[in-house]
Each structure stands twice: as C-alpha cells, then as structure tokens.
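A.B. asks: The following block contains the structure, expressed as structure tokens.
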Amino acid sequence: MAENEILTDNDEALDAFTNNYQRPSENPCGLYLISPPEIDEHFVERLKKAFDGGDVSAFQLRLKGLNEHAIARLAEPLQKVCADRDVAFIVNDSVSLAKRLGADGVHLGQGDGDAAEARVILGPSAQIGVTCHNSRHLAMIAGEKGADYVAFGAFYPTTSKDVRYYARPEILSWWATLFELPSVAIGGITTENVAPIVKAGADFVAVCAGIWKAKEGEDKAVAHFNTVLDQAVKGEIA
Ligand SMILES: Cc1ncc(COP(=O)(O)OP(=O)(O)O)c(N)n1
Ligand SMILES: Cc1nc(C(=O)O)sc1CCOP(=O)(O)O
Ligand SMILES: [Mg+2]
C-alpha cells in the first residue's frame, strides 16, 4: 500500500450520504461540513468536537493552495475520525487525491474534471458531487454523467470563497420536483437563513463558516443546525 493510502470501510456513511439515496417523504435535510480553507494538525480535535454536536452526513476536505502531499498528510487523521463516526469523507477538487486516500468521494467544480471520468477511476461506490452554480443545464448534465449529487449556490454572500454565481431557492424546488438525485445547497448558509433553503427542498446543506466561525463553538453550531433543520423540515420556522 502506498504511503498515505488508507482504505476505509465506511459503507454506513456512504448509505447515509448519497449512495442509495431515496428522498424521504418528509424531506429531511442533512448537514454537510466543508473544512476551513486552511487547517493545521490540531484541526482533528475541532472535527471531533463538531461531530460530538450532532448528526453530520458528510465532511469535505477543502484546502486551497496546498500540494497533494501536504493535503494527504493532513487528511489521514481526519479521514479516520470520519470513518469512526460514519461520516462520508469527501475530497475537494482532485480525483487523484481521492483515489490515493481511498476517500468516500470527490467534489468536482466545473473546472475540476469530468464526473464520468472520475467514476471510471474511483469506482461505482464513490460519491461524486458536481458544482452546478445556478444552472439547470449544468445539473442535468451532471446527472447524465453519473454524479451522486448536484450542488447549487451560492445562496447567500460568503467569506469562504470568491463566488461569481448566486442561486435562488427556486432551483432546489425545480430539481426536487423532477429528479431523485440529491441536491446540495451551499454558500453563506447559517442557522438564521437556512429555512427557505430547506423549505425549497435541499437534500443537504453544505456549511463552512457557519460552523467553524460560530461564536458558540463547532459542537453547539452543529447542534443548533440540527435543531433548525428539523424545525424547518416540520415547517415550524420559515
Ligand atoms: C458541496 C460543494 N459545492 C460546491 C463547491 C464548490 O466547488 P468549486 O466550484 O470547484 O470551487 P472550490 O470549492 O474548489 O473553490 C464545493 N467545494 N462543495
Ligand atoms: C466552497 C463554496 N462553494 C460555493 C459555491 O457557490 O459553489 S460557496 C462556497 C463557500 C461555502 O462556505 P460558507 O458556508 O462559509 O459560505
Ligand atoms: Mg473545485
């Protein structure tokens, strides 16, 4: 086995995230954590603390500006924690890094490669997500290419990325009406503004600053999101 190659048996996490996904009738909405753009080796304690706060469906390692060796070194303990907690471990941008790590999946932006090619490399059980911005057309192409989820955004202004596209909740409703493939909503999502996104039919919300920059701490932020997502699903908040 190559250095840094970790093979995990994280099947429960895969089923809970987008493998074998069937949209439940009461449409719950899962929480998908995006890592801070920069982390060090102590971040693993913050990740555990976040998971202590409540349900998390997936964690994406999104580190910009580091080479793959550096990301692989940081990834190893995080991937183990995800496997222990049945949280899908998704690598951003790089199919080769996802393959090297034996990650549960990869997230591909429009410039990060082709979902069908990623499938050939990563195999049938890999979770492949594709950024679709605010485009119905891109989402349908992603679905045709075998993506496991389509990501729409940004829904709100964000400090975590320079975004060029903004999406409106209507695209989530349109998608949920026509397709079984799960959608992920991303961009500036907080406990204060998530309700309309849930109401529109997002299957998952992806959150970075709303967790890692929360004054209350990452565990309470995850707990707060769980509460609010549940209330929004039940129509108790709008
Ligand atoms: C869940 C999710 N959705 C969208 C993105 C953005 O991907 P991309 O457009 O490739 O931008 P970067 O994240 O690579 O800066 C994402 N990472 N995750
Ligand atoms: C990584 C990313 N992609 C986006 C998109 O619109 O495609 S918005 C975004 C940043 C998400 O972080 P936060 O929850 O802090 O806004
Ligand atoms: Mg990308």
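The backbone N, Cα and C atoms fix where each Cβ goes, and this holds for glycine too.
Just so you know, TrEMBL annotations are computer predictions that nobody has curated.
Sequence annotations record features per position, and here TrEMBL assigns domain 'Thiamine phosphate synthase/TenI' to 31-211. What TrEMBL records for GLN60, LEU61, ARG62, LEU63, LYS64, ASN92, THR131, LYS161 is 4-amino-2-methyl-5-(diphosphooxymethyl)pyrimidine binding site. What TrEMBL records for ASP93, ASP112 is Mg(2+) binding site.
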A.B. asks: Counting only residues 6+ apart in the same chain, whose Cβ is under 8 Å from the Cβ of LYS161 (4-amino-2-methyl-5-(diphosphooxymethyl)pyrimidine binding site)?
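C.D. replies: LYS161 (4-amino-2-methyl-5-(diphosphooxymethyl)pyrimidine binding site) has long-range Cβ partners PRO37, ALA154, GLY187.
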A.B. asks: Which binding-site residues of LEU61, LEU63, ASN92, ASP112, THR131 contact ligand 1 in the sense of C-beta under 6 Å?
C.D. replies: ASN92, ASP112, THR131
A.B. asks: Identify which of the following binding-site residues, namely LEU61, LEU63, ASN92, ASP112, THR131, LYS161, place a Cβ less than 6 Å away from any atom of ligand 2, and list them by sequence position.
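C.D. replies: Only THR131, LYS161 meet the Cβ criterion.
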A.B. asks: Please name the residue among the binding-site residues ASP93, ASP112 whose C-beta has the most neighbouring C-beta atoms within 10 angstroms.
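C.D. replies: Checking each of ASP93, ASP112, the winner is ASP93.
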A.B. asks: Using a Cβ cut-off of under 6 Å to any atom of ligand 3, determine which of the binding-site residues GLN60, ARG62, LYS64, ASP93, ASP112, THR131 qualify.
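C.D. replies: By the Cβ criterion, which requires under 6 Å to ligand 3, the hits are ASP93, ASP112.
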A.B. asks: Hey, what's the Cβ neighbour count for THR131 (4-amino-2-methyl-5-(diphosphooxymethyl)pyrimidine binding site) at 10 Å?
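C.D. replies: Excluding its own Cβ, the number within 10 Å is 21.
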A.B. asks: At the Cα level, what's the spacing in Å between LEU63 (4-amino-2-methyl-5-(diphosphooxymethyl)pyrimidine binding site) and ASP112 (Mg(2+) binding site), rounded?
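C.D. replies: It is 14 Å, counting Cα to Cα.
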A.B. asks: Taking the Cα atoms as reference points, how far is ASP112 (Mg(2+) binding site) from ARG62 (4-amino-2-methyl-5-(diphosphooxymethyl)pyrimidine binding site) in Å?
C.D. replies: 13
A.B. asks: Provide, as an integer number of angstrom, the distance between the C-alpha atoms of ASP93 (Mg(2+) binding site) and THR131 (4-amino-2-methyl-5-(diphosphooxymethyl)pyrimidine binding site).
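C.D. replies: Cα to Cα, ASP93 (Mg(2+) binding site) and THR131 (4-amino-2-methyl-5-(diphosphooxymethyl)pyrimidine binding site) are separated by 10 Å.
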